[in-house]
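**Student:** Once you've had a glance at the structure underneath, I'll fire off some questions.
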Amino acid sequence: MPNRIKSVVSGPGLLFASLGLVALFAPFLTLAANRIVAGEGVRVWDVAGPEAIIPGMVGVVIGLALGLPSAWQSVRFTGSLVGIAALVWLLMQGSTSLLEGAGTYARVSLGSGFWCLLAILLLLAADALSSLSPGPKMRSALLAVAIIVSALVLWSGALTDLSIFREYANRQDAFFNAAWRHLGLAFGSLVVAAAIGFPLGVYCHRNQGLRGAVLPVLSFLQTIPSLAMFGIMIPLLAWVGSTIPGARELGVVGIGFLPAFLALVIYSLLPVVANTVAGLEATPILTLDAARGMGMTRHQRLKQIQLPLGLPVMLAGLRIVLVQNIGLAVIAGLIGGGGFGTFVFQGLNQTATDLILLGALPTVILALISAITMDILVELARPNQMRHG
Amino acid sequence: MIEIDNITKIYDGRAAVEAVSMTIESATITAIVGTSGSGKSTLLRMINRLVEPTTGQVRINGEPTAGLPKNALRRRIGYAIQGHGLFPHHTVAKNISAVPRLLGWHKDKIHARVNELLELFSMPPDEFRDRYPAELSGGQQQRVGVARALASRPDLLLMDEPFGALDPIIRTRAQADLHRIQRTLGSTILLVTHDMEEAIQLGDQVAVMDQGQLVQHGTPAEIITNPATEFVAEMVGGVDRPLRLLSLLSVSQILENGTAEGDPLDEKSSLREALSVCLWSGRSALPVERNGSPIGRVTLEAIRSRAEGTHEPG
Ligand SMILES: Nc1ncnc2c1ncn2[C@@H]1O[C@H](COP(=O)(O)OP(=O)(O)O)[C@@H](O)[C@H]1O
Ligand SMILES: [Mg+2]
């Protein structure tokens, strides 16, 4: 009997369900008198009236239960969606009802129970998806649907009573400025790093001596701790701005966007150059010998053979850079470079947890979307080596 | 006609190829044979200038190759290597058409040429054109590699251990295929191998290399009957020599009038086969036929006298 149960019930599913049930007992939301003080935890069954709570809790439990059968991965995936929808429902109902009569400055924040349940349901979704292993098209579609649905939920205003959305409402313009800044820092430095690193990688591939000189330097730069790197940029650019005529007028100053941008470019060079070299080297030596022997010029070999065969490895380098830069760009907030880091550091100063989250959550989500998108691109870039593969 | 004129390649003060001269007649197969490291690949690669000679000259139909642009020269010379070197991300058709595309052939001409070559190599175009190399067997990959090298009807085909990666059974078939195709197309082939058996089977001429030097260049029969050095004799193999010699001759060459008992042998069979049938069936003479009708016989006595190697083959 136990063996049969084991084969019918998914191991991870069982783990998720048990952890989820435990997490239901942890505080789901917290209620605080204002945005600074620590809040009181509220368990999920206390956040609102039974007519709101019961469907929500049932939804979570059903979601976790659907995660159990090991045979039907699509059912398990659906379960995670049902569970997440139930969580959102509980948030909507709970935040509104807790604030009723709690005072003008009262704040409702997300509690440990919510975070645990969200993490568990996301793990369930990831586990089911990895078994389903959808192709790149299906994955793009899923990602698009997830983004659209999340955006609709946010825009609907259903969650505006949550403290994090209050923080957002108070600095809506600043938020979008920060978002553009953050994207500008992460993608801009990626583009510049690719523009420098890609040709550099090609030259390193062709010239053993250059490679021996360039890669160690880039590796060294990569090991400088990020805070130190941003720190170094400040006096360096301040010096450049004050000594080189006209530099200051072009915006070269010690603090702000430029030093942060430069630091990110420097961090990006190693992955771009190293993966370009590795990608170009991925072509089998015999294939290259044949190409040379049939009279392909160096340019033709690069374009027709080495680039197509190396593209996935080279894109994987860009993926590393993008995800890394989205995270590192937070530190730009420290040196006045803008971006979501601004909120994180303001929040830390004010001990306002939800302001920290307003900076941190979008950063995490951005990194996640970028990682998934780049993974899809890497897969699409893989040259066909089978008719149906 | 390809003339290799006193060609030398020095690497780090050591000669990988030293003062080699030879002439390769059009529409023949020349097999360069030698042990590993004897300079065969270097010699071959100096012909399409993948390696530049230190001194000496190569002429194709009288024209020195050193004066031609490298890539233009290479597009005139087919090149097939061990392990085929196919482009893994290109289909069979695209692989085969690589050089014609470099030469800017018209699309229709390329399409027709690919089909023609695939048929020549017994690979139905409908089935194989759109496959990727990974979807082919080792023998098929090798054939595509050779087809690719032949695609632009090159003046000369260079092959560096083309059958080295094949297992022995497929290799025999691949060799037979190459022989048939070379005879059909009248190609000039220079083929490198470390296998004397292969050199003797395929080569109209065999060139033996030892430590960078060309030690003997002649017909397979000359190499077997008159090895120029100890080294060549060793390569040819003491014990097997009579059998090797017999495998070069066909029954029709020692045909006698008369009849014999038992199953007949085709006149194109080698003397080695004839010997084997004699020994196996315990007969001292075998009837010989041409296209199914008897034309004479071959005797064990005559085979033996040929194996002793005193007769120059006619
Ligand atoms: N690019 C090179 N640099 C230095 N030495 C080489 C190079 N290519 C070949 N050699 C040397 O030349 C000799 C002949 O090599 P090769 O022509 O490849 O022999 P084979 O094909 O007969 O095995 C070997 O000793 C080899 O080490
Ligand atoms: Mg070799």
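From the backbone N, Cα and C atoms, a Cβ is placed for every residue, glycine too.
Owing to the predicted nature of the structure, the values given are computational and were not obtained by experimental measurement.
In case it helps, TrEMBL gives these features for our protein:
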type     : residues  : note
DOMAIN   : A:179-374 : domain 'ABC transmembrane type-1'
TRANSMEM : A:48-68   : transmembrane segment
TRANSMEM : A:75-92   : transmembrane segment
TRANSMEM : A:112-129 : transmembrane segment
TRANSMEM : A:141-159 : transmembrane segment
TRANSMEM : A:179-202 : transmembrane segment
TRANSMEM : A:214-240 : transmembrane segment
TRANSMEM : A:260-288 : transmembrane segment
TRANSMEM : A:309-335 : transmembrane segment
TRANSMEM : A:355-378 : transmembrane segment
**Student:** Which sequence positions outside the transmembrane segment (A:260-288), separated from its termini by at least 6 residues, show Cβ-Cβ distances below 8 Å to it?
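**Tutor:** For the transmembrane segment (A:260-288), the nonlocal Cβ contacts are 185-186, 188-190, 192-194, 196-198, 200-202, 204-205, 211, 214-215, 218-219, 221-222, 226, 229-230, 233, 237, 301-302, 305-307, 309-314, 316-318, 320-321, 324-325, 328-329, 331-332, 335, 337-339.
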**Student:** Would you say the transmembrane segment (A:214-240) and the transmembrane segment (A:75-92) are in contact under the rule of three or more C-beta pairs closer than 8 Å, pairs 6 or more apart in sequence?
**Tutor:** no
**Student:** The transmembrane segment (A:214-240): which same-chain residues, six or more beyond its ends, come within Cβ distance under 8 Å?
**Tutor:** 200, 204, 247, 252-255, 258-260, 262-263, 266-267, 269-270, 273-274, 277, 328, 331-332, 334-335
